[in-house]
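Lifted from TrEMBL, the feature list:
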TRANSMEM  143-165  transmembrane segment
TRANSMEM  234-252  transmembrane segment
TRANSMEM  283-304  transmembrane segment
TRANSMEM  377-394  transmembrane segment
Amino acid sequence: MLPALNFAPTTSLSTGISSLDIAAPTVTSQASIFEDTFLEETANRLKQGTDSGAGAGATNAITDSATTASNSYSSVIEHGIDYQNLDWSMLFEESCLILTLAVILEMIIPLSRKFKLDGLMGIFGALGRKVNRSGDSASQRSFAGIALPVLIIAVFMFLVITLYYFSNRDGIVALVIMFLILELKFPQDRAILVYRALHEGFKDKAKDLLQSMVLRQTSMLSSMGIAKAASESAILRIFSGWFAVMVWYYLWGVEGAVLMQLINVLERTYNYKLRGNHQFGRMLFHLQQIMLVIPALLLMLCLVCSKNPMRHFVTAAAGFKAYPAPISGLVLGAVGGSLNIALGGPRYYQGYIMRLPQVGGTYSPDEQSILYAMRKIRMCGIILLVLSIVIGLNV
């Protein structure tokens, strides 16, 4: 909420105008005194011990630079900032500002998922069914699970690199690409919708909304199970599709961000937990876990800003050791420990049960936990973004 603004009444319009007239010369005179003192002290210090011609030349050059800087300072004080003549192209030259604009646009523009990489999951699935047939041996499926993703990744990276470099690494092209691949709005909005449905007592509606976010079956989930599944999904989807993509953008530019998100989409399409994909999807599973190592370490640092800044280290280590997907277990353990909610446990995939260890905190999640989990992982991303701006504009 915006703070209330209290305007103190003025006695008359002429009084306010006269006060402004008095304040302006005061600021100008202070600026003039600052300029004269600064130039005099700088020239005196540089002239001391400088007898050679080169030293005198250096003194004159630095004095001229100081004069120019002081004149610019005085001009800004007297005339203000000329916004019409500002070079707005600088927004597309700094990578941190490009990413910030992309994040803002992705959050406010309701772009359909079919225009993002998720829209290609149907095509990827059809390609997978052609090479991952039920009659193939385990070794054939493993080979196909390596060859097809490598081919898809190679084609996509070639297209992205070609487009990006033929545009001379244009900042606007980078902005458009990052806008299309970042994924915060969908999991964030879907988590809010699941919370509202559960809060209002529409359990079946909450299950249907949740089904679009997870691979597991939701029909047999209790209210606590829905809250836990929605919390886990919000954490992992925002972490891998938004936080990790931003990290790889800083590490390797647009190419790294596209690679990270493409691996996320392929891993969801060929997830090894689905029937028939146990061998076919193993390579992508391990590749995604490797790509998430550095983002997970940065997430741990961002969680230091939480209410309990050290507890998540212990729960993250436990999740890393116990979970079948170690980096995912680390992330769930860290965020769950920070919120003190228990995550993990049994879940159903296509009719069979998979029992996963419990990670995180001690309390069972409820409907509020969905929002807490989503906001926690989003807060870490915002911290990362702010730090990147501060560092990027001062290095």
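Glycine is no exception: its Cβ is also placed from the backbone N, Cα and C atoms.
Same-chain residues lying 6 or more positions outside the transmembrane segment (283-304) and placing a CB less than 8 Å from one of its CB atoms are 142, 145-146, 149, 239-240, 243-244, 247-248, 251, 259-260, 263-264, 266-267, 270-272, 310, 312-313, 316, 325-328, 330-331, 334-335, 338, 376-377, 379-380, 383-384. Residues 95, 99, 103, 178, 181-184, 186-188, 190-191, 213, 259-261, 264, 288, 291-292, 294-296, 298-299, 328, 331-332, 335, 343, 370, 373-374, 376-378, 380-381, 384-385, 388 of the same chain lie 6 or more positions beyond the ends of the transmembrane segment (234-252) yet place their CB under 8 Å from a CB of it.
If you look at the transmembrane segment (377-394), the same-chain residues 6 or more away from its ends with a CB under 8 A from one of its CBs are 94-97, 99-100, 103, 184, 188, 234-235, 238-239, 242-243, 246-247, 250, 298-299, 302-303, 305, 335.
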